[in-house]
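Peer 1: Starting off with a structure, shown below.
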Amino acid sequence: MASHKLLVTPPKALLKPLSIPNQLLLGPGPSNLPPRIMAAGGLQMIGSMSKDMYQIMDEIKEGIQYVFQTRNPLTLVISGSGHCALEAALVNVLEPGDSFLVGANGIWGQRAVDIGERIGARVHPMTKDPGGHYTLQEVEEGLAQHKPVLLFLTHGESSTGVLQPLDGFGELCHRYKCLLLVDSVASLGGTPLYMDRQGIDILYSGSQKALNAPPGTSLISFSDKAKKKMYSRKTKPFSFYLDIKWLANFWGCDDQPRMYHHTIPVISLYSLRESLALIAEQGLENSWRQHREAAAYLHGRLQALGLQLFVKDPALRLPTVTTVAVPAGYDWRDIVSYVIDHFDIEIMGGLGPSTGKVLRIGLLGCNATRENVDRVTEALRAALQHCPKKKL
């Protein structure tokens with residue numbers, strides 16, 4: 001029998017059933033879940049080290065190899081969001097004193113700089129204003145000057161809406177004995193990406209964008225060059241949880257008996273498996289086409305409202321996340337609030353260096369439809385009519 005009186009009573013809020021609003025998520029992610037992925041989240045638990053779970057993990061690895069377009073054996077899932085995958089890449093590849101070149105044209109490059117500094121690397125940011133991208137010439141100048149072991153680029157910069165070209169960067173990096181790390185969290189499934197053909201050494205992405213899975217798992221793959229760098233390091237990675245040698249074994253990437261590392265998020269992996277199955281059934285090229293066509297339709301509807309697209313060059317616009325310049329005289333927070341309060345549609349403002357400059361509209365996976373474009377543009381039309389506007 002308990003000997004002490006409880007100091008904390010049951011929270012009243014938890015004595016009521018959970019209630020979730022029905023909203024259309026057209027921000028930069030997470031996205032709405034298709035019925036098949038929602039159903040996967042309600043399946044019964046199995047053992048995290050059972051043969052059935054290992055089979056699911058192997059199927060997930062094959063799915064990642066398909067969406068990444070890679071044959072890398074060292075391909076797995078990180079139990080954490082895209083930030084976790086970025087940190088896993090950096091803590092395993094970089095050692096204190098290593099030179100690290102970063103394309104910092106938005107918040108994700110800024111985060112890479114932060115993590116690199118925490119590791120003790122010599123970090124060299126190539127800083128650009130929101131909306132900027134990198135040319136081969138600019139990167140080659142950085143490679144020649146700083147002689148880095150690793151270059152970071154964001155393929156889909158969701159805070160600014162920029163799609164970074166990747167062709168030629170892998171070959172360029174390898175000429176300077178540098179590895180190429182690419183963030184594809186916001187671009188995967190929405191625009192062409194070829195890990196092996198483009199010479200990308202480390203590629204990672206997240207579950208909650210165009211894959212339409214719940215947040216909390218991330219996808220990552222390493223080339224043989226990246227594996228050699230990680231496996232020949234002189235010091236242990238400072239994170240045990242993100243140690244790729246352990247994770248590679250647990251995910252069956254090293255042909256050795258699997259050993260326990262951590263308890264994986266079994267239910268989340270069911271959902272991720274189903275999201276990869278859906279995109280495999282649709283076909284990558286069809287998924288890319290769907291996002292390209294939906295984005296083009298959105299751009300036309302936005303311009304018909306008199307709104308200006310933040311990224312001027314159509315070739316550099318990220319199909320999955322469109323950035324719109326905040327219209328003159330309006331507070332972006334008023335527009336975002338009006339759209340969610342009156343239409344149950346989520347859009348977002350800027351993030352990091354783009355805060356206050358843009359509105360962000362996401363067309364991710366199953367949400368990339370003309371019907372959703374019509375809904376969000378009508379909501380924006382109403383917001384522009386009813387939100388307060390300052391005289392300029």
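Using the three backbone atoms N, Cα and C, a Cβ is placed for every residue, glycine included.
In case it's useful when we look at the structure, here is the feature table from Swiss-Prot:
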type	residues	note
BINDING	ARG360	substrate binding site
MOD_RES	THR9	phosphothreonine
MOD_RES	LYS209	N6-(pyridoxal phosphate)lysine
MOD_RES	LYS225	N6-acetyllysine
MOD_RES	LYS225	N6-succinyllysine
MOD_RES	LYS234	N6-acetyllysine
MOD_RES	LYS312	N6-acetyllysine
Peer 1: Which entry in the list of recorded positions, LYS225, LYS234, LYS312, ARG360, has its Cβ near the fewest other Cβ atoms, using 10 Å as the limit?
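Peer 2: Counting other Cβ atoms within 10 Å of each of the recorded positions LYS225, LYS234, LYS312, ARG360, the minimum falls on LYS234.
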Peer 1: Quick check: of the recorded positions listed here (THR9, LYS225, LYS234, LYS312, ARG360), which one has the Cα closest to that of the residue listed as 'N6-(pyridoxal phosphate)lysine'?
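Peer 2: Closest recorded candidate to the residue listed as 'N6-(pyridoxal phosphate)lysine' by Cα: ARG360.
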Peer 1: Distance check, please: Cα of LYS312 (N6-acetyllysine) against Cα of ARG360 (substrate binding site), rounded to an integer number of angstrom.
Peer 2: 15
Peer 1: Report the nearest neighbour of the residue listed as 'substrate binding site' in space among the modified residues THR9, LYS225, LYS234, comparing Cα positions.
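Peer 2: Nearest listed residue in space: LYS225.
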Peer 1: For a quick check of packing: other C-beta atoms within 10 Å of the C-beta of the residue listed as 'N6-(pyridoxal phosphate)lysine', how many?
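Peer 2: Excluding its own Cβ, the number within 10 Å is 28.
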Peer 1: In whole Å, how far does the CA atom of LYS234 (N6-acetyllysine) lie from that of LYS225 (N6-acetyllysine)?
Peer 2: 16
Peer 1: Please give me the CB contact count at 10 A for the residue listed as 'phosphothreonine', counting all chains in the structure.
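Peer 2: There are 6 of them.
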Peer 1: What does the structure give for the C-alpha distance between LYS225 (N6-acetyllysine) and the residue listed as 'phosphothreonine'? Integer Å is fine.
Peer 2: 56
Peer 1: Under a three-state reading of DSSP, tell me whether LYS225 (N6-acetyllysine) is helix, strand or coil.
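Peer 2: Assignment for LYS225 (N6-acetyllysine) reads helix.
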